[in-house]
């Protein structure tokens, strides 16, 4: 049957990509339909119960700056918050929240069910309607045909999903859910390159069977950070600790003895797994010199006894899982509530996508999330928001948009995928961004919220809060530039107590904050120098802007220089091993890819700004011109 209502945007899948895509399109005023196989699992955390981390926390803040859902849900569900790399520079500091699965899922669902212009329908999709290389709708398992101007595919690990525990396997999208077979077959009929990837999850353990007195306790930060720019600590539920244990030689021996029963090492699994989240089998074999690996013992929520042992993802047989788990300190009597497993699934080559995440070959069809070869909730959510937004822009006959590599980690993510593709599950790290000093967590709103407002993603409440914060930051920086302090002033002794060497001459407050040993809070708290900004995020941004302005300015100059040189052609026969100063990794990647110009070279993952500068000098010095074959 044909459904009576025509939609602007249809989103297939209700995971982290799908929920952000549907919400983004609806915020823009698009008549949006979210199709999911089960409304109860909207926003479900299928693997680890955590949001954020190095590189990932930056994505969460960017999603929030564009009006997305993830940061707000993490604030409402976070049962432990930590700032990672807190002792390092602001570019690599990252927020991470241990989350209550049920609270997170409930927060996402509440947002979706109260979002204007969004309808949710529970039904599995089996077919796409494609006419003259343009998508025009979808068909569900019941034969219901929904028509739409655009369709966003966010089907995660469900396409031809195959779950492995030991040498036994069965069809499934994740534990407890069936795989999407019909849609997978239909997509393989389209002119799209496809492949197989693999991911995995550890066994879950009943906390009542763990001896926590034998484990190292890990408390969260106090005061707790917040993820959302509109967030408040009062939204956080009760905070609880995590714990740490370790594998040992006995653990490793059990695993090594049973590798012939592993689907990964017996050749049953052909898909490539995530490099930066390896299974315990992989860790034992790849790092044979290590006799121990750290395992984080993470609660799954406030109302459950289940524990997520982060670091022992596995697809070994169930009996082997029990044996190696019980070999670890504190886990001698562990009761496993769910076995760990690996899952293989179809993904589609993201090089077949435009930077808007629309297919190059089928108009109006967008891809986001693990279907593009990524791994992680945050990577999926960022893609989902951009895909949903661009679907909305297409409906309005407006030009698509994707942030540049110098604007957002989301831009780095999409550029890496659409330019280079991936042969293994792609995870975001701060090291993937050339301009990470510009792409900090604290300034995600400064970078993106104004654009989000222009695109229709940002509502009045967020825009007002952002505008007030920006005004207070600018006003405070100007005040700090204009207010002078003198070596003989009344509060000089208090000021000198903050300094390594006493003041010798007068200085502005801005000049004092530039000193490495002085921070904004302690200086402005001195009588006569305040008041301190009440907005904690604004105060943090004031200090970072002042302390790092010189570095930021130099990086912006570097960006402008590189942009001017993007079209500089590179000789097709150039042997990059002849160029002194390039690392072996950079040389190998350039010789393998043979970029046509500096712009393409700069977008190869791992090619640093320093390497690009060396290339430019070499080209100029040798007056090289690209030879055409």
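Glycine is no exception: its Cβ is also placed from the backbone N, Cα and C atoms.
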(message) Among 370, 396, 407, which residue does Swiss-Prot annotate as binding FAD at the site that also has 13, 14, 15, 16, 17, 18, 125, 180?
(response) 370
(message) With Cβ-Cβ distance below 8 Å and at least 6 positions apart along the chain, what are the contacts of residue 287 (NAD(+) binding site)? List them in sequence order.
(response) 293
(message) Using a 10 Å cut-off on Cβ-Cβ distances across all protein chains shown, tell me which of the binding-site residues (275, 283) has the largest neighbour count.
(response) 283
(message) Can you tell me how many other Cβ atoms are located within 10 Å of the Cβ belonging to residue 285 (NAD(+) binding site)?
(response) 17
(request) Using C-alpha atoms only, work out the spacing between residue 281 (NAD(+) binding site) and residue 370 (FAD binding site) and round it to an integer in Å. (result) 23
(request) With a 10 Å radius around each C-beta, find which of these binding-site residues (13, 15, 273) has the fewest other C-beta atoms nearby. (result) 273
(message) According to DSSP, collapsed to three classes, what secondary structure does residue 125 (FAD binding site) have?
(response) strand
(message) Through the lens of DSSP with three states only, how would you label residue 17 (FAD binding site)?
(response) helix
(request) Determine the minimum-neighbour residue: among 17, 125, 277, listed as binding-site residues, which Cβ has the fewest other Cβ atoms within 10 angstroms? (result) 277
